[in-house]
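Engineer: So TrEMBL lists the following for this protein:
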type: ACT_SITE; residues: HIS456; note: active site
type: COMPBIAS; residues: 52-71; note: compositional bias 'Basic and acidic residues'
type: REGION; residues: 1-89; note: region 'Disordered'
type: TRANSMEM; residues: 120-141; note: transmembrane segment
type: TRANSMEM; residues: 161-182; note: transmembrane segment
type: TRANSMEM; residues: 194-218; note: transmembrane segment
type: TRANSMEM; residues: 224-241; note: transmembrane segment
type: TRANSMEM; residues: 323-342; note: transmembrane segment
type: TRANSMEM; residues: 373-391; note: transmembrane segment
type: TRANSMEM; residues: 442-461; note: transmembrane segment
type: TRANSMEM; residues: 467-485; note: transmembrane segment
type: TRANSMEM; residues: 497-515; note: transmembrane segment
Amino acid sequence: MSDRAEMRGPVTRRRRTTISGGGGGSAGVKQANGSKWHDAGDKSPQGPAKTKTGDEASEHESKNGEVDREVGVSGQQQQLRNSPKKQRSAVEDISDRLSCHVLQESLLSSASGYSNYRGILNWCVVMLVLSNARLFLENIIKYGILVDPIQVVSLFLKDPYSWPAACLIIVSNVFILAALYTERRLAVGTISETTGLIFHIFNLTCLLVIPAATILVMTSMTPVGGVLSLGVYSVLFLKLYSYKDANRWCREIRQAKAKRLSRSYSCPSVAQSNGSTVQTHVSYPGNLTHRDMYYFVFAPTLCYQLNFPRSPRIRKRFLMRRLFEMLFFTQLLVGLIQQWMVPTIQNSMKPFQEMDFGRMVERLLKLAVPNHLIWLFFFYWFFHSSMNFVAELMQFGDREFYRDWWNSETVTYFWANWNIPVHKWCLRHFYKPMLRTGINKFLAQTAVFLVSAFFHEYLVSVPLKMFRLWAFMGMMAQVPLAWFVGRFLNGNYGNAAVWMSLIIGQPVAVLMYVHDYYVIHYGSNT
């Protein structure tokens, strides 16, 4: 029986320890133990096991007393710890009521360092949309619907059976093949470098002169068709010039290596893995093929190299999105020109004839909004949608057609980043060669603007069949403007100056050419 008491003793003590000592004393503990015995469905201990000895009872009471004392002490300590916190929180609350000001700047002050103006930007966009919606609604009420897609065909063709612009573009293959066969003769040494240079100069000169003379002579060539054909020939001129230089550099490298190597350096083919496709690495003169030449002609770049970076595959969804953008923005540009630009330009002729400067400025500012929107849409249509479509179709890997020109703080940064293919060509084939000859940077930059001014005037004056040099002077005016903005304007002020030159400068040139064209062709009738 003593064994049974000793066996049950630890069990009873283990059950007591699970009961929280909330001040019930020994009786509470015993009652709780009794209820647990009853709930467990066990029989109550009988005989001597039921009554505890005095030592055990005193031991249990002393343990419970210790638990109570520990609980009481911990509660007092908790109250002591909480009371300073409550006092501090009350003091802080009162101090907050007494002082509500701190040393700080207003958000719109530059010293505040605040830069999150997204809400103001959204407000500007909303105001821009609403103001242009009002102008568009006013235009619809005043002129009605002027958009006529059928009329666009007449901009390219006067006679549906005569396609002078398309025929002129097809003839450009003669100049392409002439450059290719000249390089082949130079590669095998049939002709000298001097003779090859003369052939290239003659070919490039004819490339610019023949289409211009054709447009000036042919009366069936429309201005839009002339601009399109001259644009193709201008791009082809830059491409063939780069093709000539790149192959000449390859011959120089071959001649330098021929002095050190006894083996031939002609066209080794090395298989290289690029994603899911395997491409061949071409060396000079293995690149002088029709396939390579016409790939470069249609690739969205002006700078030739023997091995272009290639994308691993054609992404059909990406291609279809770019095609949809091209079609959408083409219709949008045609609609804006017919509905918004043409009536505004027609209404601007009378103030220019009467030299009414107040009305001229008003017409200029009215024309600036649609002209700038059309320029922005054209930028996206050409440099993003169209060039990415061609690049994806040809698996051309270098897709950097523009950079963040909208953040330009100087004029030179804008011209270096809004048209990357032309910028790369100017650096590679014009600007850096001039620096290597000892010409200083300012003269080299001025020469680059001079070449750009020539092509701008070439693309405008020849199709319109009149020479007023407005585009030429507008481009050359960028040189002093770039100096002024870079010298006196910085940061946001420089960026605002760049935007002002884009928004105001282009409408001035447009109105000048339209006015002169109107006076020449329709002045005698009025």
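Even glycines carry a Cβ here, placed using N, Cα and C.
Note that TrEMBL annotation is computational and uncurated.
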Engineer: When you check the transmembrane segment (442-461) against the transmembrane segment (161-182), do you get at least 3 Cβ pairs under 8 Å, counting only pairs 6 or more apart in sequence?
Structural biologist: no
Engineer: Relative to the transmembrane segment (194-218), which of 120-141, 161-182, 323-342, 373-391, 497-515 accounts for the most Cβ pairs at distances under 8 Å?
Structural biologist: 161-182
Engineer: Thinking of Cβ pairs under 8 Å, which stretch from 161-182, 224-241, 323-342, 373-391, 467-485 has the most of them with the transmembrane segment (120-141)?
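Structural biologist: Answer, by Cβ pair count: 323-342.
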Engineer: Six or more residues out from either end of the transmembrane segment (161-182), which same-chain residues have a Cβ under 8 Å from its Cβ atoms?
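Structural biologist: Distant Cβ neighbours of the transmembrane segment (161-182) are 191, 196, 199-200, 203, 206-207, 210-211, 214-215, 218, 220-222, 225-226, 228-229, 232-233, 236, 240, 243-244, 288, 290, 293-294, 297.
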Engineer: Would you say the transmembrane segment (224-241) and the transmembrane segment (323-342) are touching, if the rule is that at least three C-beta pairs must lie under 8 angstroms and be 6 or more residues apart?
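Structural biologist: Stretch pair does not touch.
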Engineer: State the non-local partners of the transmembrane segment (373-391) in its own chain: residues 6+ outside its ends, Cβ under 8 Å from one of its Cβ atoms.
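Structural biologist: 132, 298-300, 311, 318-319, 322-323, 325-326, 329-330, 332-333, 336-337, 341, 397-399, 401-402, 418-419, 502, 506.
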Engineer: If I restrict to non-local contacts, at least six residues apart, and a C-beta distance under 8 angstroms, what lies near the residue listed as 'active site' in its own chain?
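Structural biologist: Expected: ALA471, PHE472, GLY474, MET475.
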